[in-house]
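Undergrad: Dumping the structure here so I can ask a few things about it.
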Amino acid sequence: MTISLGFVVAEFNRDLTYQMELLGREHAEFLGATVKETILVPGVFDMPLAIKKLCQREDIDAVVTIGSVIEGETDHDQVVMQHAARKIMDLSLEFNKPVTLGIPGPGMTRMAAHERVDYAKRAVEAAVKLVRRL
């Protein structure tokens, strides 16, 4: 059985999320999974609707989220990450389908974000493992 993944990728910090997306695709192929569809959204906070659309599809086994939440002058990064992570988890439970978190942050500098692009690989691996085990 080939596992079909949907990717939801944030355009904000696209220099980072593009690298993450490429790593995620490469790792999916390595694991024998296929990325069936990728939806680009403006930012991490905008992911839930795209995740829901992919979760509703019969031909998608799991959804991988890819983004990067970098610290700013305010606590905005904390709020974005907290609410996004909660909604991502809620959607996974609502649709009984793995939705994995490939989003490093919050409280992270741009330099730290560059060092964490491998979170995309981890999210792909988690999605594939969950589909196989559940």
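Positions of Cβ are set from backbone N, Cα and C atoms, glycine also.
Predicted, not measured: the structure shown is a model, and the values here were computed from it.
For HIS76, the entry in Swiss-Prot reads active site, proton donor, with the evidence type sequence analysis. Marked as 5-amino-6-(D-ribitylamino)uracil binding site by Swiss-Prot: PHE12, VAL44, PHE45, ASP46, SER68, VAL69, ILE70, LEU101. Annotated (2S)-2-hydroxy-3-oxobutyl phosphate binding site per Swiss-Prot: GLU73, THR74, ARG116, in sequence order.
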Undergrad: If you draw a 10 Å sphere around the Cβ of VAL69 (5-amino-6-(D-ribitylamino)uracil binding site), how many other Cβ atoms fall inside it, taking every protein chain shown into account?
TA: 27
Undergrad: For the binding-site residues ASP46, GLU73, which Cβ has the most other Cβ atoms within 10 Å, all shown protein chains included?
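TA: By the 10 Å Cβ neighbour count, ASP46 comes out on top.
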Undergrad: Measure from the Cβ of the residue listed as 'active site, proton donor' and count the other Cβ atoms within 10 Å, all protein chains considered.
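TA: Counting Cβ neighbours of the residue listed as 'active site, proton donor' within 10 Å gives 13.
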Undergrad: Can you grab the distance from VAL69 (5-amino-6-(D-ribitylamino)uracil binding site) over to ARG116 ((2S)-2-hydroxy-3-oxobutyl phosphate binding site)? Cα atoms, rounded to a whole Å.
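TA: Checking the Cα atoms of VAL69 (5-amino-6-(D-ribitylamino)uracil binding site) and ARG116 ((2S)-2-hydroxy-3-oxobutyl phosphate binding site) gives a distance of 11 Å.
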Undergrad: Taking the Cβ of VAL44 (5-amino-6-(D-ribitylamino)uracil binding site) as centre, how many other Cβ atoms lie within 10 Å?
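TA: Result for VAL44 (5-amino-6-(D-ribitylamino)uracil binding site): 28 neighbouring Cβ atoms inside 10 Å.
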Undergrad: Within 10 angstroms of the C-beta of SER68 (5-amino-6-(D-ribitylamino)uracil binding site), what count of other C-beta atoms is obtained when all protein chains are considered?
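TA: So the Cβ neighbour count for SER68 (5-amino-6-(D-ribitylamino)uracil binding site) comes to 28.
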